[in-house]
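Everything on this sheet refers to the single structure shown next.
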Amino acid sequence: MKRAVVVFSGGQDSTTCLAQARHQYDEVHCVTFDYGQRHRAEIDVARDLALKLGARAHKVLDVTLLNELAVSSLTRDSIPVPDYEPNADGIPNTFVPGRNILFLTLAAIYAYQVKAEAVITGVCETDFSGYPDCRDEFVKALNHAVNLGMAKDIRFETPLMWIDKAETWALADYWGQLDLVREETLTCYNGIKGDGCGHCAACNLRANGLNHYLSNKAAVMAAMKQKTGLR
């Protein structure tokens, strides 16, 4: 039996990954992390979506220690989430240092327990928002280290790594989940489901990607299939 673990926030990217995993694996588990995030409404959204999309199990892990260690606008109410700035330089204040290091490591430990062959994460280098822990070289390096540390061959899969947001919408549509992803996921840094607040960087990327896909469906779908190898 093929098993996978999805790092699952209930947002656009991880929900698209879950929709795909349900077609590619016999059994899919979801792991969601409670780190005291500003947008912690995503935890309830993730619970609902994991059930709706047929996950075999859904674990919510308490990692609130990360909130104490990592200073970010997503972990401190006193630090405002900035509006989207198209030409902003540097790492944004929404970056949570160590988040993906912790999430992927814990997901791999869970995968070891349930005998899963893969950990799936929705990180993306094309639209990575300046986050260093969304880069392909980071994921591959951590995967190598985790496998050495556990003497186990668990793959870190990144199905969205080389596609952009419009193509991610196309992928959701390919698996028949465009409306669900649009209406029921939570991507917004301010914790608003669906189309979100419309001002933060996460909402901007999501909206621009959706608009581009809806305006150029055939071309974007073709590009997505070419990059992912889907038919």
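A Cβ is built for glycine as well, from the same backbone N, Cα and C atoms used for every other residue.
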Matching residue for the Zn(2+) site, where Swiss-Prot names Cys197, Cys200, Cys203 - out of Cys134, Cys188: Cys188
Distance from Cys188 (Zn(2+) binding site) back to Thr16 (ATP binding site), taken between C-alpha atoms, in Å: 16
When distances run from the Cα of Gln12 (ATP binding site) to each of the binding-site residues Cys197, Cys200, Cys203, the nearest one: Cys203
Among Leu18, Cys197, Cys200, Cys203, the one of these binding-site residues whose Cβ has the fewest neighbouring Cβ atoms within 10 Å: Cys197
Other same-chain residues whose Cβ falls within 8 Å of the Cβ centroid of Phe8, Ser9, Gly10, Gly11, Gln12, Asp13, Ser14, Thr15, Thr16, Cys17, Leu18, the recorded ATP site, in sequence order: Val6, Ala46, Leu49, Gly122, Thr185
From binding-site residues Phe8, Gly10, Leu18, the one whose Cα lies nearest Cys188 (Zn(2+) binding site): Gly10
